[in-house]
Amino acid sequence: MVKQRTLNRVVKASGIGLHSGQKVMINFIPHTVDGGIVFRRIDLDPPVDIPANALLIQEAFMCSNLVTGDIKVGTIEHVMSAIASLGIDNLIVEVSASEVPIMDGSAGPFIYLLMQGGLREQDAPKKFIKILKPVEALIDDKKAIFSPHNGFQLNFTIDFDHPAFAKEYQSATIDFSTETFVYEVSEARTFGFMKDLDYLKANNLALGASLDNAIGVDDTGVVNEEGLRFADEFVRHKILDAVGDLYLLGHQIIAKFDGYKSGHALNNQLLRNVQSDPSNYEIVTFDDEKDCPIPYVSVT
């Protein structure tokens, strides 16, 4: 049987908040069977839990925020993608502020931290959401589409008319697994345009942004001295974001995802469209690991 997963032990770390510029503590804590992924604001008294649920998402300034009442946890997509890549079903993510630390702008540091905690199987079947028919979300010329597929394939295309974005590196496809995500996607960093930075900081946003946690793009190209980690790092990061956004459906998805200029808001609308009609999907489990179409790292 393919079983649910959590961590073996607590892992603690800290980093800088992208928008606040302040130090943020983050703790990963094992959670119970069917507990799901839960973000906990430990800077509040009493602490407030917010489940990682697509219906609680609000987009703000190019990131995904979980919101309940007037309480939020922002910039969750990178850590969610790391959690998804390791097949973790149940986890409490404690943060000491209203946002997850940005780390280096990729999912790599979060995968490293989670692996330090060790993976532990739980005595319950892992649930998957299998898409049964095409579902789409459209905004202007932007598209996000699910279609039936035996696995989880992500196809993404961006469209930037800019010297830093070579046309031949604006599309990418991956067949999702722990291995492909870790080696081909997880290290791809978020990116932003230098011309926007002054405006954001003047509005008390992106106060923690730097070339240590993002790819900076000016009018002519990439500002970072080390350049890009991959020739197509920009579109790989959009795939990274999509993996995190789509895991907010509550379970790993079995489908093909096609994104064209899609972002957090459109990814979330796609999930809401899936949920709006129960005939769009079914919950499945696998009695034999050989039948599971998504390969995860082994639990040792």
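Quick reminder: no glycine exception, Cβ is built from N, Cα and C everywhere.
Counted within 10 Å of its Cβ, the other Cβ atoms near H264 (active site, proton donor) come to 22, all protein chains included. Under the three-state DSSP scheme, H264 (active site, proton donor) falls in the helix class. Residues or ranges marked as active site, proton donor in Swiss-Prot (evidence: sequence analysis): H264.
The Zn(2+) binding site annotation in Swiss-Prot covers H78, H237, D241, and the record cites sequence analysis as its basis. For H237 (Zn(2+) binding site), other Cβ atoms within 10 Å of its Cβ number 28.
Listed in sequence order, the residues E77, S81, G105, S106, A107, A188, T190, K238, I239, L240, G244 complete the 8 Å Cβ shell around the Zn(2+) site centroid, once H78, H237, D241 themselves are left out.
Cβ contacts within 10 Å of D241 (Zn(2+) binding site), excluding its own Cβ and spanning all protein chains shown: 27. Using Cα positions, the member of the binding-site residues H78, H237, D241 nearest to H264 (active site, proton donor) is identified as D241.
Long-range C-beta contacts of H78 (Zn(2+) binding site), restricted to its own chain and to partners at least six residues apart, with a cutoff below 8 Å, comprise V100, I102, M103, G105, S106, A107, F110, T190, L240, D241, G244.
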